[in-house]
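Worksheet: the structure to be examined is printed underneath.
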Amino acid sequence: MTDTNAVPVYTAEDETNSLLSHEDGGSSGEDTTHQNGPAASGKKRKREKFQKTSCELCKARKVKCDRAEPACSWCARHNRTCVYLERQKPGSRIGFTLELETKVNRVDALLQTLWRRVEDHIANDHGSQPQTSSPTRSNPASVQVDGFTQDPTGPRLPSISGGTPLQQPRPPAFSSPSWQGQAGDGGESIQQSAPTATCAPSRSLLSGSAEPFTPPAQLNNVRPGSTPLSGGTDLPPQDMVYTLVDLYFKHCNTWCPVLDRKTTFGVFFGSTSLNEVDRILLHAIVATTLRFLKDARLSPTLRSHYHAVSKHKVMIYAMEHVSVEAQRALVILSLDELGTSNGPRGWNLLSILVQNVRQLNLCEENSMYLSADERDIPRTGSVRRVVVPQPDSWIEDEGRRRLCWMVYLLDRYATIATTRLDFMLEDAKMRRVLPCSYDLFSKNVPVETGMLSTDIDQQGWTGYTVNKPENLGSFAYHCEVLRILSKVHDFLERPVDVTSPADMAAWRNTYRSLDSALDNWLQSLPSEYSRISALCHSDPASRVANWFMLHSAYVTAVVRLHSSAAYPTVRSHIFVPSHYAVQRCLSAVQSLRDITQDVFEANGLNLVGPPFAFSLWIAARLLIVHAAMIGCAVDPKIDFFIDILGYVGQYWEVANNYARILARVVQRERQGEASFGAMRKRAHDLVILTSSTRRTGLDETASRTVALNELDNIDVFDFFNYPIIPSLDSSDRNSQAQIHHLPGLVNMGSDQSRAGAAPDPGSDWLGY
């Protein structure tokens, strides 16, 4: 599957290595490890009659080769290894056109930056002249350069931090902090696809979508309120900023596709300076992608400084401005927060996002927009009617649709991860059609994906009909599977009496319908999905990273649904563990393990995000729950998941948290401190205890100190504490403390539910 976010990397070092490396092509009929020198071999050197290819060293030296075997005369004379590779097909090599285009864009971006510096220099040195020759000249009292009002006698603000990105940069005329150094001296991120120039210092300015060259006369058209890209210390140097933006499109935008690459690069690195809104978006990207940047100039102190400053600016701006632009920056920043921890700060940020979606009416397909003069904008509730302007392009319209769906996805993952919480963005409010594929989004050509239905089912769902599946991409399929996951979550959160035949019959019917919905969704995927394992080895991993995330979302939905029937915390003569559900869970975990192995071997784990780590976290916990029910040792795959979570934790700290919890729980069981079954029972009892409520305000309260191992047990097992049993007292809906007294109920830890027996496939109550 083609991913437009993937950027080819061509460096001078790569070009040199391509001449000498033998890994990408086999030898031409002979072993590449020949003995050196004529004395090392008693065989007479002979020349094949039809040998057409020169050896690799003669190619690199650009001299004629006598093509003798086993070594040509020059290699034999100089004791060098002589290697013959198969003759390549005629024509330019793969990616040669893209390489040339990239080099042209480097020069283009460099010239634009130089013209900006020249224009700043002219405006600074001649700003006090009378405003006669150019309408853009400033008055004698002050000079305004890129939105900054400056005193002609005062120090001048640089438009680019650090030296000019040339091969031999001269010392800058202005005072520059010592930490900035020369542009391009630092290293790159791990296996990043940031475009790299032939000369390292110039890599900071290349852009795969740079705007055409603009003469200096046109550079005076600065947008209102605009500022230089790297003025001051709130943003990293220019070349580092470029790399960070490129890293965002490689590591985040593949699975959070709310920005168009070409448009974004044109805004950030085009001929005009940035306004406040653009800088806020840039700050959000910087705060989120600093985790991927490996640069010698970026010390831990500076990394923390840039992250804190950028995060603070985005948060303050989002609190003071309710707009689509602020929402877009806040969504990107939420990736940073939710990728660090699944805690209250992330929930608060998500609540702001959801509320803004409602206030801006982004969850509906609007056909009419109201506008008003800035002086007439009200300060009442009607302001929400005029705060969102009409989209000026298909990219903007589709971008808003993607923005809404991304908030929907974040809400689903955050809510399911915490359990027992309700979604903040209800499905009944989501009246958006599915987003189109990223390729069509970038082409700025309107396409249709589906139509909204006016019918609302009993659960309050607004449906839609997909009538253009060829226009869908992985993001649309991700949205679809999460809508099914939402139904699963709502289904499991409804209490059910497992001793009632009527209630269990209705429960089984809903269970089957959701199972069929997941199967139908899987069958609706395009054919390339079935080849994802092969694709991640043949194509760059960044091109199929979004399909990795899609697979993990499917595994999450399958485990969420079937684990309730496979490993229930309470049983009855009707409701017992289902063999079918157990097999569905174990198969999903195995498929995730296989695809994760493929991603790891393709060096693509740095391209997946927190949702992928969450799926690994679910799969690993299911192995522990399975061991707790059967009473056996945990599957060795648990160690693989812990190691992979630790690897992903290099970039997303939340994965490290998952890995540490799993490691502690597994270690306690292997050291004989407690069995998994005992851990699960203690976690269940503690959750039941904390869910009890008072009947009146005069009832006594109690407090209890818990140890780390008890919290670990809750983190591991609470996700599987289903089904929920209704309370005996209907007025006390939050209390489950009385479930032990329900007649016909088999509780966890009782003699009837002792671990050690797998479900019987011959008596599966689900009827499969």
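For all residues, glycine too, the Cβ spot is worked out from N, Cα and C.
Automatic, uncurated: that is what TrEMBL annotation is.
The stretch that TrEMBL tags with region 'Disordered', taken from the ranges 79-101, 447-469, 723-745, 746-768, is 746-768.
Computed over the domain 'Zn(2)-C6 fungal-type' (54-84), the whole-number mean pLDDT of the model equals 87. Secondary structure by DSSP for the domain 'Zn(2)-C6 fungal-type' (54-84): 11 helix, 2 strand, 18 coil.
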